[in-house]
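A single structure is presented below for examination.
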Amino acid sequence: MPRPEALFLHGVAVGVMTYGFISLRTLPMDGWIRAQKGGHFQFLTIQGLAAAWLTMVLSLGCDSLPSFAALRAIKRAFLMIALPLTFVISAVYWSLLLFFPSLILQRQLPGLSEPSSSSTLPELARIPLNIDFSLHLAPVATLLADFVFFEKKYTKKQVQIGSPLVVLACGTWYACWVEYCASYNHTFPYPFLTENPFNIRVGIYTFVSFLAWSCFRLMNALHPQA
């Protein structure tokens with residue numbers, strides 16, 4: 001029998017993340033982003049959201065078919081991808097949003113900013129808090145809860161061999177993808193990439209990939225399983 005608390009977590013996670021993605025259409029910058037090469041999927045946030053959403057859908061499948069070992073193995077493979085990815089996305093996003101918002105938020109396009117008594121805030125394309133939480137907090141929070149309460153920790157071999165390969169593949173993929181998109185758009189989805197030359201961007205990709213791998217190792221080591 002499926003555990004009701006697991007079904008609740010996975011169902012709510014799918015719903016909240018679906019809401020966040022659908023709500024992108026309500027943002028003033030949506031049309032401009034969709035017209036660019038890669039659309040919203042040039043953002044690492046959206047790729048992380050997709051990975052987290054698929055992981056939770058697979059989790060619902062595992063809840064319904066607990067004896068389906070192959071499905072469980074696929075779910076755990078996606079969890080290995082989505083958990084460190086969303087952790088790094090959230091850590092970088094909220095840190096920059098709080099202390100250096102101009103490095104993570106795009107500037108409003110002329111004619112899109114709303115009237116305000118502030119002379120600086122309207123310049124940045126800020127996301128409503130409910131959508132922001134759905135995109136940048138719900139994925140990592142629900143994945144982490146799923147891993148801690150409903151999953152076993154990964155084996156030593158999976159951590160030492162599997163996770164570095166996964167992080168290397170994902171980091172290389174995104175670096176190549178975002179550089180490809182920027183070659184058409186003449187700008188990057190994140191200002192901190194736009195404002196830096198290629199060699200610095202390579203350093204950023206490398207550092208973020210290493211951070212994701214380190215966070216995964218730490219989270220697995222702190223797993224409450226004996």
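A Cβ is built for glycine as well, from the same backbone N, Cα and C atoms used for every other residue.
Below, the features straight out of TrEMBL:
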TRANSMEM  7-24  transmembrane segment
TRANSMEM  44-65  transmembrane segment
TRANSMEM  77-104  transmembrane segment
TRANSMEM  124-149  transmembrane segment
TRANSMEM  161-180  transmembrane segment
TRANSMEM  200-219  transmembrane segment
Does the transmembrane segment (7-24) make contact with the transmembrane segment (124-149) through 3 or more Cβ pairs under 8 Å, each pair 6 or more apart in sequence?
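Between the transmembrane segment (124-149) and the transmembrane segment (7-24), which are separate recorded stretches, there is contact, as judged by 3 or more close Cβ pairs.
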Hey, which bits of the same chain come close to the transmembrane segment (44-65), Cβ under 8 Å, at least six residues off its ends?
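Answer is 2-3, 6-7, 10-11, 13-14, 17-18, 20-21, 71-72, 74-75, 78-79, 81-82, 85-86, 89, 93, 135-136, 139-140, 142-143, 146, 150, 174, 178, 189-190.
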Looking only at residues six or more beyond either end of the transmembrane segment (200-219), which have a C-beta under 8 A from one in the stretch?
80, 83-85, 87-88, 91-92, 144, 147, 159, 163-164, 167-168, 170-171, 174-175, 179, 192-193
